[in-house]
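Undergrad: Sharing a structure with you now.
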Amino acid sequence: MNAEKSPVTPNVDHEEIAKFEAVASRWWDLEGEFKPLHRINPLRLGYIAERAGGLFGKKVLDVGCGGGILAESMAREGATVTGLDMGFEPLQVAKLHALESGIQVNYVQETVEEHAAKHAGQYDVVTCMEMLEHVPDPQSVVRACAQLVKPGGDVFFSTLNRNGKSWLMAVVGAEYILRMVPKGTHDVKKFIKPAELLGWVDQTSLKERHMTGLHYNPITNTFKLGPGVDVNYMLHTQNK
């Protein structure tokens, strides 16, 4: 799974792209398929801004930006934001929403590996949220993110742990019982253990700074960040 990719073999899962293309028009529907992303975005944004020492005036790259929920919110914080995605329809939605909102975001359709070949060391902050589990070679994405950030810059990852609890919560619970996301959104075999992600990070110039869990309470229908990384988790790293 972690073999080196040649320049002519993009790190893309076309089935995964198709899933998100099919529902792209509803990306900004606060009650639609992406409702959970809208709900957790303030937590993500707050964590990123706090750990990075603010976003104002910084050059930020959002890898796997989709319809632009996080990218747009970081631009509102005063960052100069580029959003990368390989899905044409989500990017069209992102561009239109930014235009309607009067927000400047530069959206680009290319892989992070392609972007790294042209823009190495150009970003103060790189974010990669819930994207690693949707590509054939997540380690390649981690390497590219490390190449893109400036010395001393910050890189943030979020993904899902691979264990019985995460399968129960993220697949059975979220997709089939609570129907928070469309069925088939997640494949537990592609989930990533924190030790695996940290192992990939250790093979780059990045250094782990902080890790936190993202927790959902079905009784109160609320999300929060806190200790425990057995389901969703976020990782803050910094370039050496």
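Here the Cβ of each residue, glycine as well, is placed from N, Cα and C on the backbone.
If you look up Swiss-Prot, you'll see R44, G64, D85, M129 marked as S-adenosyl-L-methionine binding site.
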Undergrad: Enumerate same-chain residues with a sequence separation of six or more from M129 (S-adenosyl-L-methionine binding site) and a Cβ-Cβ distance below 8 A; give 'none' if the list is empty.
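TA: R44, D62, G64, L70, F156, F157, S158 - these are the non-local Cβ neighbours of M129 (S-adenosyl-L-methionine binding site), listed in sequence order.
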Undergrad: If you draw a 10 Å sphere on the Cβ of D85 (S-adenosyl-L-methionine binding site), how many other Cβ atoms land inside?
TA: 26
Undergrad: Roughly how wide, in whole Å, is the group R44, G64, D85, M129 that binds S-adenosyl-L-methionine, by largest Cα to Cα distance?
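TA: Looking at R44, G64, D85, M129 as a set, their Cα atoms extend up to 19 Å apart.
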Undergrad: Sort M129 (S-adenosyl-L-methionine binding site) into helix, strand or coil using the DSSP assignment.
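TA: In three-state terms, M129 (S-adenosyl-L-methionine binding site) counts as strand.
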